[in-house]
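Everything on this sheet refers to the single structure shown next.
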Amino acid sequence: MKRSALLASFLPLALGCDSAETHSCASAFSVSSAAAASFCATFTASTVTATTGVPDVFLSNCDYKTKHLSSACSCLGTADGSAPASTPAAPAVSSSSKVGKAPAVAATRTSAIPTTFHTTAVRVPLSTSAAAAVTSQAVLPAQSSVAGNGGTTCTVTEYASISSAVASCSNILLSNINAPASSTIDLTGLQTGAAVIFAGETTFGDTYDSDFDPIVISGTDVTITGEEGHVINGNGEAYWDGEGSNGGQDKPDHFIVVKDMYNSKIENLNILNWPVHCFEIENTEYLTISGLILNNTAGDAANSKSDGDPAAHNTDGFDIKQSDFLTLSNSWVHNQDDCVAVTSGSSIVVDNLYCYGGHGLSIGSIGGKSNNTVDGVTFSNSQVINSENGCRIKSNADTTGEVYNVKYENITLSGISDYGIDIQQDYENGGATGDPTNGVKIENISFVNVKGTMSDGKDYYILCGDGSCSNFVFTDVDITGGSDDSCNYPSSGCP
């Protein structure tokens, strides 16, 4: 038995098996492993010299040569009965880094083949200051295997083929898509129960338009996910000028718009260098988001247009509004603005996030929008590192709204520069005035086991309007390193 296992482990080397990462034939067999196993059982049972009856996905990617098909079958199912696996690569951190190519076909279909992709925990390099702060805690989320939902599977490698695949396929593999300028990857017409898998590197032509949305997604019972080694590259460096959505050249304001999405999942995506806000999530119910890596590290550096400031600005990770029963978990964000910002919605859980370099975990700003009610939001088991704020609730002056039942629990802060806990009701035109108003009611707010350190600023800052704040509870809260704390509510003062 041991001898058989040992031989099996050396079989790929002995056969000279190609890597699925670099060879389209091996990749096609790896991606469609179930179909490959069925085909190879027949193909290797007898001597076959013709290419008739071979599934198109294998034929086209194996150069229409029976010897390539035979070799791929021989290499299928080695040590563990699955296709030979290659070492997973970390997400690319620059636009010049290409990642695992998927099958080089334009729009290949196979019927009723659930496709499974495997991903594992990976790391990307942090800046020196981040590594010094919490190197051991900067592990990226493990990304679990995913599967399609049956039905027709389409592999798309050309932007022009996306719309037809969305209309006719229940499983869609978007492989190394290059979306031309002013061309949205439109996933709003997905079939109920559809699955979309991003593979390779997804790129976009430069579009200097604040109303342009590079990716738009909607649907019911939909799964959006990513294959091992993929990256969705927003090409933010082409737009960054230190001003974000506050001025400068026009740039896409929202990179990925998720709207009208019900009972669906977004998981295991690697997103790099988005221009301004990354996710705009609106009008969803029972949406689950998990295992995402949002890496805007490159935006920390100044460029020729940013006048010495970080080039990226207003790069919120997740902006959530008018959404109910949403769960966001197990994700990693390095950006230059809010890690998460909830401006309206109910029954929202944000759990196990790692937030670096931005403005923390936020409610708001509330007021002056079409919907100004937040009810039932929990931030839990998360870290906010080297950011301006830790936990923040803010409302706009001279507006109305409600913020009810918000809990921050088991939150660790480190290297916070402005406010550890911050509740303000004095925002006007995007800035604080120091004069709070009471049109937005903030009630039933709790902080439980929120601890950490400041690099500067105030540990606690609470500025409520007259009578507009009530029932704040602080349990096991301990933030140190700041100075000049100021709290006008509760009457007992700061924690």
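Glycine residues also receive a Cβ, built from the backbone N, Cα and C atoms like all the rest.
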Record Swiss-Prot, residue CYS469, disulfide partner from CYS464, CYS487: CYS464
The repeat 'PbH1 4' (374-395) and the repeat 'PbH1 5' (403-425) contact flag, 3+ Cβ pairs under 8 angstroms: yes
Secondary structure at CYS464 (disulfide bond), reduced by DSSP to three states: coil
Cβ-Cβ neighbours of CYS154 (disulfide bond) (radius 10 Å): 21
Separation of alpha carbons, CYS154 (disulfide bond) and CYS469 (disulfide bond) (Å): 54
Inter-residue Cα distance where the pair is CYS339 (disulfide bond) and CYS154 (disulfide bond), in Å: 34
10 Å Cα neighbourhood of CYS464 (disulfide bond): matching disulfide-bonded residues from CYS169, CYS339, CYS355, CYS494: none
For CYS355 (disulfide bond), nearby residues of its own chain (Cβ under 8 Å, 6 or more apart in sequence): GLY317, VAL333, CYS339, VAL340, LEU361, SER382, GLN383, VAL384, ILE385, SER387
Inter-residue Cα distance where the pair is CYS169 (disulfide bond) and CYS494 (disulfide bond), in Å: 57
